[in-house]
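> Sharing the features that Swiss-Prot gives for it:
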type	residues	note
DOMAIN	3-181	domain 'Guanylate kinase-like'
BINDING	A10, P11, S12, G13, A14, G15, K16, T17	ATP binding site
Amino acid sequence: MAGNLFVVAAPSGAGKTTLVRMLLEQESSVNLSISYTTRHPRPGEQNGREYHFVETPEFRAMIARQEFLEWAEVHGNFYGTSKKWIADQLAAGRDVLLEIDWQGAQQVRALFPQAIGVFILPPSMEELTRRLTGRGTDSPDVIDRRLAAAQAEMRHVGEFDYVIINDQLAQALDDLRAVVRASGLSFGAQRARHAALFERMI
C-alpha cells in the first residue's frame, strides 16, 4: 500500500466533519473518501460532495455485490465506503481519509492493519450536549439517542492510534495535521514514495 489510509472517527457532535473539512483545505495531498448513505441530505448538503445519497434498497444491493470496504447502520441509517475507490487511490500512492464510525473503523483495520486510526473527543459531555442542541436540526429524542450512542462510541477510543480532544478548534486542527504529516514521514511511507532513492542509498 503506497498511500496512507487515515480512519477518523468520533461521536456525533465532536466536530469531526468540521475538522476534516479544514484539514482537506490545508493538506491537498489527502483525499476524502465520500461515503454512501441512506440518510436524507441536511440543508446545504449536495449529492456526491458530502455523501452519495442512495435509497435503502440500492444500498442493500451494493452490500450483496460486496462493493463496500465497510458498512454500518448508525442512528437508523446505513453508511458505507467504496472498496474499489479506496484500493485504486492507495495503489496510486495517494493518501485517503475515511470519516466513519468506530464500527466501520474496525472493519477497515481488519482488511488494512496499517491504517492509521484517529479518534476525535469532545472536551466534556456538557459541551457535546451544547453542540448537538445548537445544531437545531434534531428533536430532543434524537439528541438523547445521540448522546447515549456517543458514550458507547467513546468506550472504543483505545482502539485508535491517536486521540485528539476538540476543545479549541485551531489546536485540534494543528494536532490532526501533525498526525497526517508525521505519518507521511514514516519509514514505510518514505520508502514507497522514494523507492529508487532507497535502492541507491541503502
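Every residue gets a Cβ built from N, Cα and C, even glycine.
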> For S12 (ATP binding site), list the number of other Cβ atoms lying within 10 Å of its Cβ atom.
23
> Let me know how many other Cβ atoms fall within 10 Å of the Cβ of A10 (ATP binding site).
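Step by step: centre on the Cβ of A10 (ATP binding site), count other Cβ atoms within 10 Å, giving 26.
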> Given the binding-site residues P11, G15, which one's Cβ is surrounded by the fewest other Cβ atoms within 10 Å?
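It is G15 that, of the binding-site residues P11, G15, has the fewest other Cβ atoms within 10 Å.
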> Measuring CB to CB from A14 (ATP binding site), give everything in the same chain under 8 Å that is also at least six residues away in sequence.
I120, L121, P122, L128, R131, A150, N166
> I'd like the Cβ neighbour count for G13 (ATP binding site), meaning other Cβ atoms within 10 Å of its Cβ, all protein chains included.
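I count 23 other Cβ atoms within 10 Å of it.
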> Quick check on the binding-site residues K16, T17: which one has the highest count of other Cβ atoms within 10 Å of its Cβ?
K16
> Other than A10, P11, S12, G13, A14, G15, K16, T17 themselves, what residues in this chain have Cβ atoms within 8 Å of the centroid of the ATP site's Cβ atoms?
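Other same-chain residues with Cβ inside the cutoff are I120, P122, R131, N166.
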> Any idea what the model's mean pLDDT is for the domain 'Guanylate kinase-like' (3-181)?
92
